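Report on one structure; see the data block that follows.
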Ligand code: LLP
């Protein structure tokens, strides 16, 4: 469910026709709907209302835009961050420090120090080595850092290999059979307050069964750790719920997810933590693009658009599907390949796809681009960094400027030895 709909034959974001934004800001441009974002945040939060004691930390990586974070902060969300940069964004958006969880396999000493200084709520430790380093830093500052241990449950999430994180061969967490011993050692290390376990088995999950299997596994581990005399008060169940990108795809609803969690964790007696990303932001954005030209092909015509893999990397990286739709559809379709202007063949959004008929100068959108869209953009081929707009009813504003190649060039230097 989103608020990108045709009104008098023109695709609008809420009440704002997309051609109006394209004319003012140019293309490509990401457009977010505040109403859609709020709705998704509330549906997920309300679904988890069946659980007793819940904290939701939005996975900032999925959409770190400051305006997006502000909306979520107002909905009571905390943040799951994976870098000092994301932590500063969450703080800048007004998220309470103790609602911030610091995840990630390579936190640096400087990031840990800054996190402790800022008073963030929990560090999700990916190794014993990291835990000992965090303890030392905290102790040297006269502080105690709250932490959870990330466990690798060795469960196949059944998603794309590049976004699967819970198999033994993935780099994340500590091996399941060593976790209890590591927890025990970290729990008695000064400078650390070990308060729980965490896991995240992958992203864009289409089934609940792998999550349920993983939660059951860590539930058993929690009992084992408690039986050894250690306290476990927080269990962070990560993110991962997928969203449909294609018509007809069926994904678990937040209520089904919550019911499964309730069933598995009913008697755990802990604060449950969640780190949703895509399920909150996926539907809240589209990438608006203009057709540069349609080039004849051997098989199908090539629709060359002004968005490229640097603006929306998911198709190139994961063969991901994003629906493509004309902003002013003419009621005709054709079968075409959709590509960007970048000079490599991976800059392909779709092959042999039946789409709205479009031609030179027409506007179109890639849908479901609110998660892992702008956040993964870069400036490959010396293209500008794509801007972002947020719509709210009939109001709209640029929430991230387009960064021109000239600005990037200005940050480069020719060293003296080349002069
Ligand atoms: N927590 C942790 C520790 C994570 O690593 C992730 C995502 C999340 C939460 C949020 O997962 P979500 O609810 O959004 O599935 N760039 C890829 C997705 C990478 C996800 C990485 N980790 C894509 O475009 O599909």
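Placed from the backbone N, Cα and C atoms, the Cβ positions cover glycine too.
What TrEMBL annotates here:
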- 30-370: domain 'Orn/DAP/Arg decarboxylase 2 C-terminal' (DOMAIN)
- 36-281: domain 'Orn/DAP/Arg decarboxylase 2 N-terminal' (DOMAIN)
- 61: N6-(pyridoxal phosphate)lysine (MOD_RES)
- 240, 275, 276, 277, 278, 372: pyridoxal 5'-phosphate binding site (BINDING)
- 278, 314, 318, 344, 372: substrate binding site (BINDING)
- 343: active site, proton donor (ACT_SITE)
Binding-site residues listed as 240, 276, 277, least Cβ neighbours within 10 Å: 277
Residues satisfying Cβ distance under 8 Å from residue 61 (N6-(pyridoxal phosphate)lysine), sequence separation of at least 6: 80, 82, 86, 277, 372, 375
Rounded inter-Cα distance in Å - residue 344 (substrate binding site), residue 278 (pyridoxal 5'-phosphate binding site): 28
CB-centroid shell, 8 A cutoff, pyridoxal 5'-phosphate site 240, 275, 276, 277, 278, 372, site residues removed: 59, 61, 62, 203, 239, 241, 279, 280, 371
For substrate, whose listed binding residues are 278, 314, 318, 344, 372, the greatest C-alpha pairwise distance in Å: 28
Binding-site residues close to ligand 1 - of 276, 277, 344, only those whose C-beta is under 6 Å away: 276, 277
Pairwise CA distance, residue 314 (substrate binding site) versus residue 240 (pyridoxal 5'-phosphate binding site), rounded so that it is a whole Å: 16
Residues that sit under 8 angstroms from residue 275 (pyridoxal 5'-phosphate binding site) by C-beta distance, when 6+ apart in the chain: 56, 57, 58, 59, 80, 101, 103, 200, 236, 237, 238, 239
Packing count at residue 318 (substrate binding site) (other Cβ atoms within 10 Å of its Cβ): 16
Residue 343 (active site, proton donor) to residue 318 (substrate binding site) - Cα separation in whole Å: 19
Most distant Cα pair in Å, residues 240, 275, 276, 277, 278, 372 binding pyridoxal 5'-phosphate: 15
Spatial separation of residue 278 (pyridoxal 5'-phosphate binding site) from residue 318 (substrate binding site) - C-alpha basis, Å: 15
